[in-house]
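This report refers to the structure that appears directly beneath it.
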Amino acid sequence: MKTLLLTLVVVTIVCLDLGHTLICVKQYTIFGVTPEICADGQNLCYKTWHMVYPGGYDHTRGCAATCPKMKNHDTVHCCTTDKCNL
């Protein structure tokens, strides 16, 4: 009986995923993805697109506490799951 109870406690702790830290994409290139482990209080991933010339965009990615504000001709996407800003 004690073994069953101990097993249930361990399974519960593992399933709760206590203290989950969000992981966002910091950089994405042809060579791969650079992850960023978000600090406490940063519970969003973001990706921005800034048009540098017609058809050409500069991207920024990372962690944030709040979704960045859009500027002229920018697009911003915010999300809350691991690597959702790919």
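Easy rule for this one: first residue shown is 1, then count along the chain.
The backbone N, Cα and C atoms fix where each Cβ goes, glycine too.
Keep in mind it's a predicted model, so treat the numbers as computed, not measured.
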Completion exercise
The residue that Swiss-Prot pairs with Cys67 in a disulfide, chosen from Cys63, Cys78, is Cys78
Problem - Recorded disulfide counterpart of Cys24 (Swiss-Prot; options Cys15, Cys45) - result: Cys45
Problem - Candidates Cys38, Cys84 - disulfide partner of Cys63 as recorded in Swiss-Prot - result: Cys38
Completion exercise
Whole-number Å distance separating the Cα atoms of Cys78 (disulfide bond) and Cys45 (disulfide bond) is 6
Problem - Those disulfide-bonded residues of Cys45, Cys63, Cys67 having Cα within 10 angstroms of Cys84 (disulfide bond) - result: Cys45
Problem - Shortest C-alpha distance to Cys24 (disulfide bond) - which of the disulfide-bonded residues Cys63, Cys67, Cys79 - result: Cys63
